[in-house]
Amino acid sequence: MPKIAVLPGDGIGQEIIPQAVRVLKAVLAETDAEFEFQDYPIGGAAIELVGKALPDETLQGCREADAVLLGAVGGHQWDHLPASERPETAALLGLRKGLNFYANIRPVRMIPSLLATSTLKENVLDGVDMVVIRELTGGVYFGEKGRSDNPRSAYDKMTYSEEEIRRILIQGFETAMLRSKKLCSVDKANVLETSRLWREIANELAKEYPEVELTHMYVDNAAMQLVRNPKQFDVIVTENMFGDILTDLASMLGGSIGMLSSASLSGTQGMYEPAHGSAPDIAGKNLANPLATILSAALMLRYSFGMEAEALRIESAVEKVLEQGYRTGDLAQAGDKVVGTIEMGDAVLAAL
């Protein structure tokens with residue numbers, strides 16, 4: 001029986017994960033598939049429970065699972081801890097490294113009924129449909145770092161191996177093959193040696209994918225182009241820090257970061273989570289938007305279990321709910337039906 005490790009985490013994670021699980025169970029109930037759902041603590045909740053953000057039991061449970069569904073981690077009450085012990089570092093980076101989730105996939109699509117929610121013009125956004133692929137376990141976030149005194153200074157080392165670059169670029173090419181056969185590799189090869197190696201390997205791999213149109217773009221230009229003309233992009237592939245920044249920027253192309261789903265893949269497993277954080281300011285108030293988490297559950301069915309029809313059912317239900325005018329506060333405009341977290345989950349279930 002396939003096993004899903006469920007990690008609600010902190011803040012609104014405790015509210016949005018139950019809605020995604022409800023939707024998953026409803027869809028799976030109409031198939032012959034039987035799944036086991038097992039909850040584990042992570043993040044600040046785990047610190048309070050056992051004294052560490054990523055308990056051994058949680059890491060082992062995730063290793064034994066076929067897929068991981070994660071809510072969000074972090075909160076101001078743990079900011080006093082050393083950086084290496086905070087939920088965002090110890091839990092998220094530890095999980096990514098421990099399970100070798102090296103590829104982060106974030107679909108960005110403007111749903112027509114949400115065009116008015118973005119700060120960008122409708123003619124710029126209408127038709128936006130792209131995938132951003134971010135390398136997740138290398139680069140400056142995982143490099144050697146430190147500080148010295150007299151005078152005070154700090155350093156963070158960025159390193160990439162050929163293997164790390166090659167495997168994420170292959171993910172980019174393979175994804176492009178399934179879509180419009182257009183791949184934009186984003187780097188900073190005019191300044192960074194790691195980016196020059198990245199570009200070399202991308203050009204080498206392009207010979208193995210002659211059907212894919214490969215282009216290169218510097219990250220600063222990519223940020224500008226995502227706002228100026230986002231429809232030029234179909235698949236973007238980039239390194240860890242650049243991807244971290246660009247995916248948050250791209251989230252506004254879909255109306256709200258509350259709509260941005262995410263899949264993190266290894267060769268054998270997947271972890272699925274919304275792109276937003278734990279939002280402690282609205283936690284426990286039934287205000288959080290669960291749609292990114294529900295859409296992440298759809299990605300789980302697609303990537304980890306090959307259940308494309310069921311994934312499409314969830315995505316269609318989300319679109320239907322939005323077309324009916326249901327909105328959580330982050331998406332609300334005048335005249336919309338503003339609902340809470342639970343009510344939005346109810347609406348998606350009804351739309352199924």
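The backbone N, Cα and C atoms fix where each Cβ goes, and this holds for glycine too.
According to Swiss-Prot, the protein has these features:
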BINDING   Arg96, Arg106, Arg134, Asp220  substrate binding site
SITE      Tyr141  site 'Important for catalysis'
SITE      Lys188  site 'Important for catalysis'
BINDING   Asp220, Asp244, Asp248  Mg(2+) binding site
BINDING   Gly277, Ser278, Ala279, Pro280, Asp281, Ile282, Ala283, Gly284, Lys285, Asn286, Leu287, Ala288, Asn289  NAD(+) binding site
Statement: For the recorded positions listed (Arg96, Arg134, Lys188, Lys285), most other Cβ atoms within 10 Å of the Cβ sits at Arg134
Message: Are there any residues at least 6 positions away along the chain from Leu287 (NAD(+) binding site) with a Cβ closer than 8 Å to its Cβ? List them or say none.
response: Thr328, Gly329, Gly340, Thr341
Query: For the recorded Mg(2+) site formed by Asp220, Asp244, Asp248, which further same-chain residues have Cβ atoms within 8 Å of the site's Cβ center?
result: Val219, Ala223, Met241, Phe242, Gly243, Ile245, Leu246, Thr247, Leu249
Rounded distance in angstrom between the Cα atoms of Asp244 (Mg(2+) binding site) and Ala279 (NAD(+) binding site): 18
- prompt: Where Lys285 (NAD(+) binding site) and Arg106 (substrate binding site) are concerned, what is their Cα separation in Å, rounded?
  reply: 27
Entries of Arg134, Ala283, Asn289 which, being binding-site residues, have CA atoms within 10 angstroms of Lys188 (site 'Important for catalysis'): none
Maximum Cα-Cα separation in Å among residues Gly277, Ser278, Ala279, Pro280, Asp281, Ile282, Ala283, Gly284, Lys285, Asn286, Leu287, Ala288, Asn289, which the record lists as binding NAD(+): 16
- request: Report the largest Cα to Cα distance, in Å and rounded to a whole number, among the residues Arg96, Arg106, Arg134, Asp220 that the record lists as binding substrate.
  value: 26
Statement: For Ala279 (NAD(+) binding site), the nonlocal same-chain Cβ neighbours (under 8 Å, six or more residues apart) come out as Gly11, Ile12, Ala72, Ala288
- prompt: Taking Cα atoms as reference points, which of the recorded positions Arg106, Arg134, Tyr141, Asp220 is nearest to Ala283 (NAD(+) binding site)?
  reply: Arg106
